[in-house]
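Enquirer: Attaching a single structure in structure tokens format; questions to follow.
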Ligand SMILES: Nc1ncnc2c1ncn2[C@@H]1O[C@H](COP(=O)(O)OP(=O)(O)O)[C@@H](O)[C@H]1O
Ligand code: SF4
Ligand SMILES: [Mg+2]
């Protein structure tokens, strides 16, 4: 599958760099631009969090308890008198960390298993497909809760659960793409020249599989953020007092009849992050591979 | 002298359905024999053409020789060495000495590699690291008449004819002893077809490799091949020198193919062979002579007895499978060739025209 | 067709078997005495000894798995030491609440989403359609627990229009208690289904016989209702079967937020108290539900669309 410059004529490849073409197309997608801006803001604030925060996010009683927003405490304070704004900024690190670690390990494992399933012998393919289908038929959050019950609540458990449950989807996509290319004539041609399986997979199949896979992964980021926040909301994620969006929302929920501010402030980062990554992912998919996973 | 390639009694079969489905539908024999007892030889520097309708098993023979497909039985020897039963690694040194060009000129080029990488794949695969990659690519491009700046292009920036030239250049990269060309002109414009064939013929003259060429196109055969084999349902029905067969086909199927492709017009409808009726399914091979369902000369014996290969006493290299081989009579043959409609018409006459000068082969 | 059906059922059974084996091995993989793990922290020594014997922990692993399966086939999901009741009883007591919630959520979502999808297909590329395409993506993206907490804050805590917690007693009461939870779960589905209906509707509207009907002067709405809708609705029906995992996940959060009974609330409290038998019981029952639903929707799909049959 030729992803970028497939419509270029024989001679204009040099002029229009693929990246320039991409930027031009991306700018037209206004929702995608909004998403990109949100994502950049969130990632930047996570990286530079120590410089952005106005108070120590874990220090209690820097202000009054459950205070409404004010000039000093932009988003108010929580039940322990901690600054909600600082906690929300600092809290972006955990979801982003969870997303990057879990998705990259799911990607690595899914890639390897998908290549094996798509290129290996038929029985192995069937076996792996069965395993993928089994994992996918576990009810995700309920399965996550079960794993956490066994492993104990922690960020590591959350990451492990997310990686395990998202891996089969990637593996399936890789498998399908590999399978489609396996019978293609250029693979036969490589074999006829004496190329070994490793070489065929690494040089010829992998580059063709990677594009759609990266798009899928980028579209899963919001879902992972939601799961991490959700599990922390249930008290199954990071341990207090580590600041985390889900945990802040949970604090707000516990004091919902005392103040609306904590709930509002706790939910907004989750909403912005999931929207930002979703809009960005959809725009990337529309540009690179409109056929991919059309139905969500 | 030892032939370069010798194929002996080759059988290749494919599964048509999974074992479960076969059980469920009560099929006892869920296989088709795509290649069924084929034997031939190719000498050094020689060109053999495989001719036959689509689905007759030509590509399968090629794929089996190159090791993409396992044979059920039979032997393939290359330069005196048995290569059919070799493992992938054991086969590798032989793959340096033979190269295959696949049917789809563009589809056989890895889409994300530049022409330079594509052309030098064989060097990397066979661990010839110390060669000058850029220089080799330039040499190969020059050899097939493409400008050197093509080295930076990607397959999607090539036309069909250019892609085919790249395919030829890559096949010749390691200076092989044998080239297998599966329909090298399929899908190309007629003018480009001529160019590609001339290039192939010129390179063969210069480099002296043997060629196994697969084609529907009888003009290609006449242009290139020393010998030709006509395939029907996975078997050779006639083999012999090209000259002899064009001159005097002995098998009715060959006759019909030649008639459908009249000599004087080189641009006649190519890639199509017109013989009346449908080719039978490999799942249900006809009894006796497998061509009898479509043969206008068929007699009782044809439906009952399977014809063994026979040959004319004066040319043992020319062999054919027919109970009632065509009489050697160039004059009448020429007449027939002038009226191809007779052989292609769908109006079937079950009776042999009395005018047709044929003799029942002695059995 | 029958071959496909047979294969699909065998596959479903294989998946359930593998899932159960995996879960069993997971329990065994936890360090420490599996009996202690299964019974939880409050188990007495006799209870452990009894369970040891019951589970056949001295026997080979394969025998244990077979025994575990045997129990499952008899509907034996284990025993809850806390309440001194069979796990199956507890889980099946809570299950109807969750199913009721899911059904009501998906019902209202379909009722809104199908006409919305039709409308957007007819007014394709209009301003409304463009705005809707962004809004629907947003409703899919925002996690249901955030929606749940926000509607709780607005309609129950601040405005006090609707009850905040519980499931209600009489019919009217039950419905009123369902409004906010069903909204939180269903809103994402409104976005999802309306996009789906819109897309398949556009596909169908582009087909020849529909263009023909249009050329006869039938109004766009008539065409949609008569020709396109029945066809466009089919993918929706089958997608809901696949989406049951998603529905169950949302239900967990929504039940916690609105303090409703149900298996979501059950498993969360079981995890908090380390009540492993209940946790495993919920996982087993929901896995079974999901496999059944996806199998049914695959089979339905195969009946409607012959191409999918080839794929298995
Ligand atoms: N990989 C395969 N699996 C099953 N059947 C095959 C396969 N490859 C070829 N065949 C069958 O073998 C027969 C011969 O095919 P092929 O060798 O490609 O014919 P040709 O090249 O003469 O057109 C055909 O009936 C084809 O359907
Ligand atoms: S054997 Fe009979 S049917 Fe077969 S080709 Fe000869 S004449 Fe025709
Ligand atoms: Mg072929």
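The backbone N, Cα and C atoms fix where each Cβ goes, glycine too.
Note that TrEMBL annotation is computational and uncurated.
The structure displayed is predicted, hence computed values, not measured ones.
Annotated transmembrane segment per TrEMBL: C:9-30, C:101-122, C:134-162, C:174-193, C:231-258, C:278-304, in sequence order. What TrEMBL records for C:95-297 is domain 'ABC transmembrane type-1'.
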Enquirer: Any contact between the transmembrane segment (C:101-122) and the transmembrane segment (C:174-193)? By contact I mean 3+ C-beta pairs closer than 8 Å, pairs at least 6 apart along the chain.
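Expert: Yes, these stretches are in contact.
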Enquirer: So if I exclude everything within five residues of the ends of the transmembrane segment (C:9-30), which remaining residues of that chain have a CB under 8 angstroms from its CBs? That is, six or more out.
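Expert: Counting only partners 6 or more residues beyond its ends, the transmembrane segment (C:9-30) has Cβ contacts under 8 Å with 37-38, 61, 64-65, 68-69, 72, 276, 280, 283-284, 287-288, 291-292, 294-295, 312.
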Enquirer: What same-chain residues lie close to the transmembrane segment (C:278-304): Cβ under 8 Å, and 6 or more beyond its ends?
Expert: 1, 4-5, 8-9, 11-12, 15-16, 19-20, 23, 27, 38, 72, 77-78, 80, 87-88, 90-92, 95, 234, 237-242, 244-245, 248, 263, 266-267, 270-271
Enquirer: Go through the chain and flag residues at least 6 beyond the ends of the transmembrane segment (C:174-193) whose CB is under 8 A from any CB in it; none is fine as an answer.
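Expert: Contacts of the transmembrane segment (C:174-193) (Cβ under 8 Å, skipping residues fewer than 6 from its ends): 100-102, 104-106, 108-110, 112-114, 116-117, 135-140, 142, 144-145, 147-148, 151-152, 155-156, 162-163, 166-168, 236, 239, 243, 247, 250-251, 254-255, 257-258, 260.
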